[in-house]
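Presented below is the structure to which this report refers.
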Amino acid sequence: MGVLSEGLTQILIPVAAFIGLGFALFQWFLVSKVKVSGGYGDYSGYKDRLINEGETEEGVDSLEVSIKCAEIQNAISVGATSFLFTEYKYLGIFTAVFGVVIFLFLGSVKGFSTESEPCTYNTGNICKPALANALFTTIAFFLGALTSVLSGFLGMKIATYANARTTLEARKGVGKAFITAFRSGAVMGFLLAANGLLVLWVSINLFKLYYGDDWEGLYESITGYGLGGSSMALFGRVGGGIYTKAADVGADLVGKVERNIPEDDPRNPAVIADNVGDNVGDIAGMGSDLFGSYAESSCAALFVASISSFGISHDFSAMSYPLIVSSMGIVVCLITTLFATDLFEIKRVSEIEPTLKRQLVISTVLMTAGIATVTFFALPSEFTLFNFGTEMSVKNWHLFFCVAIGLWAGLAIGYTTEYYTSSAYSPVKDVADSCRTGAATNVIFGLALGYKSVIIPIFAIAIAIYVSFSLAAMYGISVSALGMLSTIATGLAIDAYGPISDNAGGIAEMAGMSHEIRERTDALDAAGNTTAAIGKGFAIGSAALVSLALFGAFVSRAGINTVDVLTPKVFIGLLVGAMLPYWFSAMTMKSVGSAALKMVEEVRRQFNTIPGLMEGRAKPDYATCVKISTDASLREMIPPGALVMLTPLIAGTLFGVETLAGVLAGSLVSGVQVAISASNTGGAWDNAKKYIEAGGNEHAKSLGPKGSDAHKAAVIGDTIGDPLKDTSGPSLNILIKLMAVESLVFAPFFAAHGGLLFKLF
């Protein structure tokens, strides 16, 4: 037994969660305090009163501009809320239907028997009936889906609440604007980390009331929590990604290339839809995505532990090790956040990106010490783990290395992503320089950069897998994934900071604020682009480890001793699995393309038919563009979602567990590569464009200014990269995780009734 008692463990986990929730609310309070005012009369019916009291330091922006900011923020908030509520209606129907499917499939494993039965792994003991597992897995699925939706929605509300506040703070200096944007991102990060931990802890304790000593059944049913989280994340990512990129591509191609007007010019009809899209795709989608990763890595670790000595000897503290690591992560991220908002003050634009990168390093170093502490107190000095039918003796310091290597692999992936997507380094500068000879060379250089950027992350993931598996089998890999996600609150804070800054810049442009303020918001946005790419790198890297851990749990639960690649059943699965990321990417890319086509035609129509629009005398019809994005995303998110959800069910039922194992392995190996290259290519193209627009040095000035041939070529590259980095790339990590966790949840059914085609022929 470890030093930590069960009673103390039961106290520490919820306390850490409530500390996270309290800190999130405190950060939200500080953000709301920044820009709430009165004294000017009731200028707006908005809940968010954004009018500044007194003069700003610059003294250049009038009260009218402040009111305009409030109007624009309200339009973005209403648009984002309206879209998410419509999307959630569709998801509500899906959740109800899929919940019934889970219950029927798992209940039928033993013919809906209510009789207790011998346990699968600890055969001397009696476990609860399969029907109970079906019911509790379904309940866990609903809980995971609800928490995922809540994470995304709360993040979106906070982002839309903060964007105009960031704009108005930019009048006082770049440091003030940075703190507002970062604090808002931190609200989302801590809410998600704390919510995920608290709901999981409550679920385990409530399920325990029924399951009692049957920990095998308890933690098997908890895997439904990860499935629910990732199901919502898939549709949120794909739907939000299609929405935001349809608007972004339409706004850029007509506004910047054809009409030569600024990115967020209020004359552009697609500009509100573009800003709404940043929130529903990059905030709500990313929130659900990382929550899904967290839920799945926790569920994989808990399931593998439950069939090892922790579960058999009922050592609750050791069993809860994944939750204790996450609890420590919340405390570490809280301390880390203070370095960005309170301990150091940003005074110059050049300090923004280093400050954000420093967050990653500080959280990783502190978390390493935190993991060592947690491992010593929560785990016994030596224990045995289940390893594909055999037992493996493991020491507690082995698990410290497993979690730590996942954590540091995440840092390596983050820094590699930053190197390939930041305009401070040569790869992006080379892409920008290639724009001198047109869009074709820009595209060639960008694709080459994306492919090359895969190398280091794959080696980092490979080393983490080898070390973790050698030290602690599949449990080592699952806690390694958890290590990469242990600083999720900080990761999400720097990720959400990006779209908030992007929106702040858009509001500054639309409200007609001074050029100096727009430069400040552009600097915040450029740094945010890099941090968003880092966030996607973390999500993809953790997805690879999570998927492998879930794959191992699936193989154990399905009763497969070895997966032989030379077996035809497995090899055909490998081929099909490796193809799936390409099929999925084709669907999502085409969806963005067809929606963008309609958007471009509508924006052109308005410029051509509304008299005085280009001169600024008439207002564009924003609502039609919002409707095009909404309709397209809701319609187009269904086929890719169906592909991911149905593949494991069809493969497992018709072809059996061995073929399904091949499908999972193939999709994991192929999907990680495609996802990293797509995300980094898109990020590099975006920052190459911003590098030219900013004109920060002689090289950039020689390629600019805005409207030059090189700039137009950069805009085309950025437009091609938009669906790669914000729709297909980030959605692929959900594909590989979701298929793995779905296979694990349905493993008892596939093991009992799968392979119908092979049985017939």
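Keep in mind that glycine also has a Cβ here, set from the backbone N, Cα and C atoms.
Nobody curates TrEMBL annotations by hand; they come from automatic prediction.
Taken from TrEMBL, the feature transmembrane segment applies to 12-31 (among others).
Sequence annotations record features per position, and here TrEMBL assigns transmembrane segment to 90-110 (among others).
The annotation transmembrane segment is assigned in TrEMBL to 130-156 (among others).
Among the features that TrEMBL reports, transmembrane segment is placed at 177-204 (among others).
If you look up TrEMBL, you'll see 319-340 (among others) marked as transmembrane segment.
Feature annotation from TrEMBL assigns transmembrane segment to 360-378 (among others).
Residues or ranges marked as transmembrane segment by TrEMBL: 398-421 (among others).
Look at TrEMBL and you will find 442-467 (among others) tagged as transmembrane segment. Outside the transmembrane segment (442-467), and at least 6 residues removed from its termini, the chain residues within Cβ reach (under 8 Å) are 401-402, 405-406, 409, 412-413, 416-417, 420, 427-428, 430-431, 434-435, 476-477, 480, 484, 537, 540-541, 544-545, 548, 672-673, 676-678, 680-682, 684-685, 688, 713-714, 716-717, 720-721, 724.
The annotation transmembrane segment is assigned in TrEMBL to 473-494 (among others).
Summarising the annotation, TrEMBL assigns transmembrane segment to 538-560 (among others).
Among the features that TrEMBL reports, transmembrane segment is placed at 566-584 (among others). When Cβ-Cβ distances below 8 Å are used as the criterion, the transmembrane segment (566-584) is approached by residues 640, 643-644, 647, 651, 655-656, 658-671, 674-675, 728, 731-732, 735-736, 739, 758 of the same chain, each at least six residues removed from its ends.
What TrEMBL records for 734-758 (among others) is transmembrane segment. Through the fold, the transmembrane segment (734-758) approaches residues 102, 105-106, 108-110, 130, 133, 137, 141, 223-224, 226-227, 230-231, 233-234, 237, 289, 292-293, 296, 299-300, 303, 543-544, 546-547, 550-551, 553-554, 557-559, 569, 580-581, 584, 644-645, 647-649, 652-657, 659-660, 663-664, 667-668, 671-672 of its own chain, all at least 6 residues removed from its boundaries and within a Cβ separation under 8 Å.
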Between the stretches 12-31, 130-156, 177-204, 473-494, which wins on the count of C-beta pairs under 8 angstroms to the transmembrane segment (398-421)?
473-494
What residues in the same chain, six or more past the boundaries of the transmembrane segment (130-156), come closer than 8 Å to it by Cβ-Cβ distance?
80-81, 84, 88, 91, 95, 98-99, 102-107, 109-110, 112-114, 117, 188, 191-192, 195-196, 199, 203, 207, 210-211, 217-218, 220-233, 236, 279-280, 283-288, 291-292, 295, 492, 496, 745, 748
By a Cβ-Cβ criterion of under 8 Å, what residues six or more beyond either terminus of the transmembrane segment (177-204) are in contact with it?
13-14, 16-21, 23-25, 27-28, 30-31, 34, 140, 143, 147, 150-151, 154-155, 158-159, 161-162, 165-167, 169-170, 218-219, 222, 225, 229, 283, 287, 290-291, 294-295, 298, 302, 323, 326-327, 329-330, 333-334, 337, 340-341, 346, 352, 355-356, 488-497, 500-501, 504, 520-521, 524, 528
